[in-house]
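Copied from TrEMBL, the annotated features are:
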| type | residues | note |
| --- | --- | --- |
| DOMAIN | 11-120 | domain 'Thiamine pyrophosphate enzyme N-terminal TPP-binding' |
| DOMAIN | 211-335 | domain 'Thiamine pyrophosphate enzyme central' |
| DOMAIN | 392-535 | domain 'Thiamine pyrophosphate enzyme TPP-binding' |
Amino acid sequence: MAAELLAGRQTVSTVLIDTLHAMGMQQAFGMIGGAIVPFYDALSRSALNLVHFRHENGAVFAAIEASLADNVPALAFTTTGPGLTNALTGAVTARYEGAKLLLVSAVTPLSKRGRYPIQESSSESFGPGIYEPGGLFDYAVAMHDPAELPRIIRTLALGFSSPRGFVAHLALPLPVQASPAPRVAITVPRVEVAPSASTMDEVVARLHGRFAVWVGYGARHCATQVAELVERLKAPVISTPRGKGIFPEDSPHFLGVSGLGGHEDLVARLAEARVDRVLVLGSRLGEISSSYDAGLIPRGGMIHVDLDPNVPGTAYPEVETLAVQAELGQFLDALLERSDELGGPRALTVAPRVAPPQLEPREQDRVRPRYLMQCLQARVVEGTDAVVLSETGNSLAWTNRYLRFSSPHRYRMSGMFCPMGHVSAGVLGTAATGRKAVAVVGDGSFLMQNEISTAAATRADVVWIVLNDARYGMCDQGMRCLGYDDAKQLQFPEVDFLALARSMGADGARVWREQQVADALEWALRERGPFVIDVIIDPDELAPVADRIASIYTQANGA
C-alpha cells in the first residue's frame, strides 16, 4: 500500500533524483535499509542505473570510478548507523581522487533523537563533521524541512559544475524522503578560471630556456593540448603514476614515470635532458606522485598550475615555485597562443626510453609478477581498449613500473588515500559506464572487498587478476627489507579464488605456471561477465617500491 501511495507523487526523493539526472548523473550504487526505503523506491523508478551492492564502502568505491570514467557526478546511498559509517572511507577517498560524488544517507528524525532509536544517526550521535561542510565533505547537510530542497540543489549544481572534484553528503529523514516537494529550478553556473595576462607574461619569460613537462592525473582531459605543446617545443615529459597515458609512454620525448613504482633512472635521464625548470600540470606532487625526490627539481625550480591556490609549493616548500591558479585547459590554450615566444623547438639530448627486455616463460611453478605484467601489456593494454585499474599495494607498484599506455583514460589507481579494496570493488563502477574493465589486485585486498556477488548479479564486464601469494605482499616484503625478521602474521592460508568466484556466480581460471597466463587472459577477455584469474605468484620477486621503503626507514629513524 505504501509503495502504491508513493507511485506517481512528486516527493523530495523523486524531484531530487530527477534533478540530479538533469545535471548529468547516470549511476547509483548503494545498500538499502529501513530508513532509506522511500528514497530507494524512487531510485528504482528513476532513469538512473541502480546497482545494489553487498557493502556500502564498495558502493562508494564504484561511484568514484563511475564518476571519473564519465566525468559526471555519481550517487551512493546508505541507510542510517553502520550503513553510513561503512561508507566514510569511500567518501574520504572520493575527495582525494577528485570525484564528483553525492552520498545520500538516512538520518534520524528530530522527533526521535536521544530516545534510543535503532541506528541513531545525527550530529549528536556522530559529531558535527559528518553533517557539516569542511569536515569529511566539501558540502554536507541534514535536510529536515522539504523547503530546503531548492537551496540544496543549487549548492549541488554549483559544486558539480566545478572542474575540480566535489563530494557532498545529503542526509534525509525518512518522513522528508516521502514528503511532497517544493518547486525546484536548476541553475547550472559556468565556472571559468583563466590566467591573467601578467601571469602569462611571467610564465613565458620563465619558459624561454629548456624545460620539462611533469604531467599528472588532473591533465587527463587536456591530453591533446599537452601533446601539441610538447610537439611544438620538443620538451621532455615526466608522468606521475596516475598520469600514465596522458602523454604517450612510447614517445621519444617521454623520460619516465615518477613516484611509487616509477623508473629508477628518471633522475639521471632528467639530468641528461639539461632542463632549467619543470612545468607541472595536473598534479599535487604528493608522495605517490613524486616520492618527494629532490632530484626531479632542476635548479630553476618549477611553474605549478592548479585550480587550488594552496597546492603549488606544498609538496616542495623549499623549491622556488611560480604558482599559477587556472583551469588547466585555459592555461594551455593561453600558452599555445604564445608558444612562438618561447624560442622554438629544443634539441632532444636524451635517448628514447626502451621497453623492458622480454622474458621467456619458465618451467617451474609460481608466476613472476614481471612476466605477468609483460603478458598484460601485450594482450590487455595493446590488444584491447579495456580500462586497467590497479589496487593499492604491490599491484600498484608493478603496473606503475611495467605497463605502458599511449592514450589517456586507460589507467586508474588510488592516488593518495590508498584504501585496500578501492579497485577490487571500484572496478564495477568503471564497468557500469559501458567499458571492459580489468583490475589488478592483491589477494589481501580482494579478501577485504571484492563484490564478486554484485558483479555476478549484474553481469558486470569485469576481470580481476589476483596476485595470490598468501600474504600482504607489500607489507611482508617491506618488513623484510627493513630488517624485521618475524613477518609471519602477514601471511595467511592460500585461498582458491577460482572456487570462491564460482561459489558466487562468476567464472574464472587458476594459473600457477607462466605458460598458462596467455591462455587465461584470452579466455577472460572473450567472456562477457565477471571473471577471476587467480595467479599464484612468486612472493620472492621484490616489487619496485625502494623509494617507499627508504621513506619509512628515514621516518622511523627520526628524520
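Cβ coordinates come from backbone N, Cα and C, glycine included.
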Residues of the domain 'Thiamine pyrophosphate enzyme TPP-binding' (392-535) by DSSP state, where helix covers H, G and I: 65 helix, 28 strand, 51 coil
Within the domain 'Thiamine pyrophosphate enzyme N-terminal TPP-binding' (11-120), residues counted as helix, strand or coil by DSSP: 55 helix, 22 strand, 33 coil
DSSP-derived helix, strand and coil totals, residue by residue, for the domain 'Thiamine pyrophosphate enzyme central' (211-335): 43 helix, 29 strand, 53 coil
